[in-house]
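If you check TrEMBL, you get these features:
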type     : residues : note
DOMAIN   : 12-216   : domain 'Inositolphosphotransferase Aur1/Ipt1'
TRANSMEM : 43-63    : transmembrane segment
TRANSMEM : 75-92    : transmembrane segment
TRANSMEM : 151-170  : transmembrane segment
TRANSMEM : 182-202  : transmembrane segment
TRANSMEM : 208-225  : transmembrane segment
Amino acid sequence: MPNHAFTNAIRVIRFERWIGLFHEETIQEWLLPHIWFIKTMNVYYGTAHFFVTLGVFIALYKFRPSVFGQWRNTLAVMTALAIIGFSLFPLMPPRLLDAPCPAAGFGAKCIPSELRTRNGAENFGFVDTIKEFGGPWAFDSGPGSKLTNQYAAMPSLHIGWSTWCAFGLWPIARKLWMRLALLIYPSVTMLCIIVTGNHFWIDGVGGLLVFAVAYFIGTEIHFINHRRLVARLVRAPQTSRD
């Protein structure tokens with residue numbers, strides 16, 4: 001798995017360099033001196049992804065019951081598609097690319113690559129911010145090491161779920177600050193996954209694509225179920241009269 005995941009990471013880096021958009025390490029380097037910001041992003045990465053999504057799920061159930069099934073289906077399908085993606089395209093996150101030799105004990109593996117020495121550099125330059133500065137949990141020890149798949153990076157469910165939250169709540173966000181918050185949330189999440197070294201930006205694009213496909217499938221399932229329910233209710237009075 002590490003070799004396959006590393007190879008896929010090299011493919012991603014080559015593609016991003018080919019289109020001139022390999023800037024993740026530069027963005028992280030700009031922000032690393034601001035330790036307070038990095039620590040905030042570490043906490044954000046480990047908490048908002050779950051708690052905000054759960055809060056929106058409850059809000060949809062309470063305030064948008066007519067379409068709750070549609071958004072529940074979308075979330076479920078999106079997560080299922082992402083799991084398939086993790087299996088078909090395991091991807092080593094940037095934070096593991098510079099694991100020291102010999103192989104690190106938490107899933108990373110030191111694999112020789114000519115990209116490590118590009119332009120005279122001795123490594124890719126990414127920092128595992130959660131390991132360096134701390135966070136809600138660590139990937140290399142404790143419960144987090146057993147509950148997480150280190151190579152589940154493509155697509156990014158952080159982006160998929162945050163986009164789901166924004167679209168799901170948009171119709172009931174009446175005030176300007178609410179809509180601004182919904183617009184900002186996925187954007188901050190994208191910055192977070194890059195700054196913490198957990199994803200390439202293209203993983204976020206994958207999350208958006210998975211959300212779009214899941215929304216279509218989830219909506220179709222919702223309306224199919226709705227039509228079946230209506231048909232059942234229409235037949236019920238006729239059956240009782242017979």
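Even glycines carry a Cβ here, placed using N, Cα and C.
Source: prediction; values computed, not measured.
Long-range contacts of the transmembrane segment (43-63) within its own chain (CB-CB distance under 8 A, at least 6 residues past either end) are made by residues 71-72, 75, 130, 135-137, 157-158, 161-162, 164-165, 168-169, 172, 185, 188-189, 192-193, 196, 198. A Cβ distance under 8 Å defines the sequence-distant neighbours of the transmembrane segment (208-225), meaning residues of its chain 6+ beyond its ends; these are 67, 69-78, 81-82, 85, 155, 159-160, 163-164, 167. Along the domain 'Inositolphosphotransferase Aur1/Ipt1' (12-216), the predicted structure has mean pLDDT 87.
Residues 9, 12-13, 15-16, 21, 23-24, 27-28, 31, 37-38, 41-42, 44-45, 48-49, 52, 91, 93-95, 126-130, 153-154, 156, 158-159, 162-163, 165-166, 169-170, 173 of the same chain sit 6 or more residues outside the transmembrane segment (182-202) yet have a Cβ under 8 Å from a Cβ within it.
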